[in-house]
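This report refers to the structure that appears directly beneath it.
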Amino acid sequence: MAAAQPESRDGAAQSAKPASETDPLSRFTCPVCLEVFEKPVQVPCGHVFCSACLQECLKPKKPVCGVCRSALAPGVRAVELERQIESIETSCHGCRKNFILSKIRAHVTSCSKYQNYIMEGVKATTKDASLQPRNIPNRYTFPCPYCPEKNFDQEGLVEHCKLTHSTDTKSVVCPICASMPWGDPSYRSANFMEHIQRRHRFSYDTFVDYDVDEDDMINQVLQRSIIDQ
């Protein structure tokens, strides 16, 4: 079986989101949903999207490519890229086990070690717990960081951003993280769409006791996310 390092074809290299060259998934990742391509389609500018993601991007009157901002039009099936996804192996960031690229989506939803990998990313943006308390925003509803829309629950905010702002590249503060006791209200995510889809697939408010310290809080989130798998 092939390793996840061959030269990319069908525009896969251009379609990949900005990522470390050491990430074997970066060349096979849809820039909209940030998952391994499903039914990849290559558009005229050379970039590649999942078929379903492309359909969403084509809905505006004047659709543009979310990667290069050129005019967007229906594309053609990326047959060679699809073949690679069905034959190339990569490893899970959590358990390090190898999987075919087409199977990695399903695996990470049930891998407890991958959940730990995700939470390490959350902790990387936290503040020192010894800082003075501050006014904490409403943790149950959130404003959109891109537009005036507000009063979204967590799931609603994720869906709104995916449908309305998937091509917006502006750096913004995550309103969900900013509402948490450990959150930094001045920290701007360089890729907010990736952040919100990878970090906020479950609700912190359901899982944590806000009276405990940061480490205990993170552990509570992890334990519940593992149980709920």
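Every residue gets a Cβ built from N, Cα and C, even glycine.
Per Swiss-Prot, Zn(2+) binding site is recorded for Cys92, Cys95, His107, Cys111. With a cut-off of 8 Å between CB atoms and residues at least 6 apart in sequence, the same chain places Cys111, Lys113, Tyr114 near Cys95 (Zn(2+) binding site), listed in sequence order. Secondary structure from DSSP puts Cys95 (Zn(2+) binding site) in coil.
Under the DSSP three-state reduction, Lys103 (N6-acetyllysine) is assigned to helix. If you look up Swiss-Prot, you'll see Lys103 (among others) marked as N6-acetyllysine, on the strength of similarity to another entry.
If you look up Swiss-Prot, you'll see Lys113 (among others) marked as N6-acetyllysine, on the strength of similarity to another entry.
Taken from Swiss-Prot, the feature region 'Disordered' covers 1-23.
Annotated zinc finger per Swiss-Prot: 30-69 (among others), in sequence order, evidence recorded as sequence analysis.
The annotation zinc finger is assigned in Swiss-Prot to 92-111 (among others) on the grounds of sequence analysis.
Of the recorded residues, Lys103 (N6-acetyllysine) and Cys92 (Zn(2+) binding site) place their C-alpha atoms 11 Å from one another. Sequence-ordered, the extra residues of this chain that approach the Zn(2+) site, with Cβ no more than 8 Å from the Cβ center of Cys92, Cys95, His107, Cys111, are His93, Gly94, Arg96, Lys97, Phe99, Ile104, Val108, Ser110, Lys113, Tyr114. Summarised by DSSP class, the composition of the zinc finger (30-69) is 7 helix, 8 strand, 25 coil.
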